[in-house]
Amino acid sequence: MGTVRSRRLWWPLPLLLLLLLGPAGARAQEDDDGDYEELVLALRSEEDGLAEALQHGATATFHRCAKDPWRLPGTYVVVLKEETQRLQPERTARRLQAQAARRGYLIKLLHVFHDLLPGFLVKMSRDLLELALRLPHVDYIEEDSYVFAQSIPWNLERITPARYRADEYQPPNGGSLVEVYLLDTSIQSGHREIEGRVMVTDFESVPEEDGTRFHRQASKCDSHGTHLAGVVSGRDAGVAKGASLRSLRVLNCQGKGTVSSTLIGLEFIRKNQLVQPVGPLVVLLPLAGGYSRVLNAACQRLARAGVVLVAAAGNFRDDACLYSPASAPEVITVGATNAQDQPVTLGTLGTNFGRCVDLFAPGEDIIGASSDCSTCFVSQSGTSQAAAHVAGIAAMMLSAEPELTLAELRQRLIHFSAKDVINEAWFPEDQRVLTPNLVAALPPSTHGAGWQLFCRTVWSAHSGPTRMATAMARCAPDEELLSCSSFSRSGKRRGERIEAQGGKLVCRAHNAFGGEGVYAIARCCLLPQANCSVHTAPPAGTGMGTRVHCHQQGHVLTGCSSHWEVEDLGTHKPPVLRPRVQPDQCMGHSGASTHASCCHAPGLECKVKEHGLPAPQEQVTVACEEGWTLTGCSALPGTSHVLGAYAVDDTCVVRSRDVGTTGNISEEAVTAVAICCRSWHLAQASQELQ
């Protein structure tokens, strides 16, 4: 698709009626590329037209890319509400065309979505946006925008666990039970690396190239796609050497595509899945554009249908949350590292980072198939290559355990990653705590990991600076929220709590007056057959503090949190020389409400670990022993200079203000409290399967 704008045409009524009643108005016309299009100029009655539309308030919203050079004004994705019927997108599109015709505009209907999301793609004048937003059933409209390829043999050694490394790469399986869809440029399927492993589909939806009116031949435009196909499943340089690939062309010869083309490609995959259900599917999205609500929504729909999506974080040395599909929570988002496990730098740019990145993977000077000849190889760099590595690892994990859910796969990828190997100084200071220090690696064995209690840390977006501002973090649908904490760089916060929203528990953090904003931090775990609840004690007002415990029989404590309404709890000095938290009890400041997260699950046992220091420290940590998993992390209790607490792998970290910058030296204790759990039931079930 190009960026051709619709033109406003004033039609004399007799001529308009002639067009409608004649053959030219009754049949579709062919556009310049030979595609079949329909120009509807039908007049409809006032009762069924604008008058009806204007009765409805414009409750729909309009979205567009935040980066102006990437925008495609004149092309729009109109998304309808989820409860609309299957035929409603066509009806709404034709209603819009009819109402536009009465105003002298032509609208070109480019595509109708059914299987991915209810909606349609149109080319029209921006003048018609208000009219379209007022149509019944419309949820939101998004202006189309560009997406870009993200590429500018140490890599195979790097993803092999250290104690299993040999002179050559020996993966546990080839990923042969998994099909990988690659949305990219075209592919040279005859290259010896991927010959017989790639099926080039007939799907092609790409924009015109800059500076030319005509597309180049696809065979001359397959460098990026061929290289990535080789990284995923190449005979010599591939990660999952047995995985089969299907290629969809959504990027042109310049490595440029559009959001709408990507949407149509994802719908193509969903249609194939419905028509011919197969084994596990992995979709590799080695592209990035500006934040797109509709693209993220499409990824969510596909993920909930059982498809694993792996995306490049982006090569803009920026927060990955500003780009799509990297910002979609249901997507496994991958940043890039080099042979020294450091973030990849690409000229003045480099890998994206931040809370939307799940993990990093090799992405610099990656050797792979070249489109120059059927036996040529080439080196490429970028988060596209990093994402291809993770797609290959995912294929092998799914081949070993085809029933893995997306949540289970993501947790395993995180658990088996190499930890704390990246130099965080490369990232902006405000992003270091948010960016995972994880580099992807194959598990020692693709079997037998089921006994582990897997947990991960999920950070919210930063809240606003107002006193009543809040931040919210949530877990994936298949995960349990076992604890909630908060963090503020200024230290001005009012704590956190777990609350129910839409049938799921969420973690909500509260900013304080004069604060710069706050983060909510959820600890999300895989705990089958769990029954979890939250017990709250109001502020005690006096005494040593507010206490609450798990009073239901068989429930164990998995997390503690507190929140308060006052701006400053003041100082509170709990004793340091004796244990302060019982195995089933939380303690908070006497002026705070305290919450205990309590769970019952077969074989679940938990214990509390503490580490306290009598003088202010910038950081205090306490870790769980091997075989135990951190489910809760909190600071004890309510010290005025504590910035917050958060989990890093199985370590609880409590951060405090630098006393050198505050000018005040306090003798308040800083205590980190970790709740460590394990499940005997999971271990027993895993042994029975082996």
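Each Cβ is built from the backbone N, Cα and C atoms, and glycine gets one as well.
Of the listed residues Cys484, Cys524, Cys525, Cys484 is the one Swiss-Prot pairs with Cys507, by disulfide bond. Screening Asn531, Asn664 against Swiss-Prot annotations picks out Asn531 (annotated as N-linked glycosylation site).
The cysteine that Swiss-Prot pairs with Cys455 in a disulfide, picked from Cys475, Cys524, Cys525, is Cys525.
When you check Swiss-Prot, the disulphide partner of Cys598 from the set Cys532, Cys550, Cys560, Cys652 turns out to be Cys550. Cys321 (disulfide bond) sits 25 Å from Cys652 (disulfide bond), taking the Cα positions as reference.
DSSP assigns Cys560 (disulfide bond) to a strand segment in the three-state reduction.
Cβ neighbour count for Cys550 (disulfide bond): 22 (other Cβ atoms within 10 Å of its Cβ, all protein chains included). Neighbours of Cys598 (disulfide bond) among the disulfide-bonded residues Cys455, Cys525, Cys532, Cys560, Cys624, defined as a Cα within 10 Å of its Cα, are Cys532, Cys560. Straight-line distance linking the Cα atoms of Cys455 (disulfide bond) and Cys532 (disulfide bond), rounded to a whole number, equals 15 Å.
A 10 Å radius around the C-alpha of Cys525 (disulfide bond) takes in these disulfide-bonded residues out of Cys253, Cys475, Cys586, Cys606, Cys652, Cys676, in sequence order: Cys475. Counting only the Cα atoms, the space from Cys633 (disulfide bond) to Cys560 (disulfide bond) is about 7 angstrom.
Spacing of Cys677 (disulfide bond) relative to Cys253 (disulfide bond) is 52 Å (Cα to Cα, whole number).
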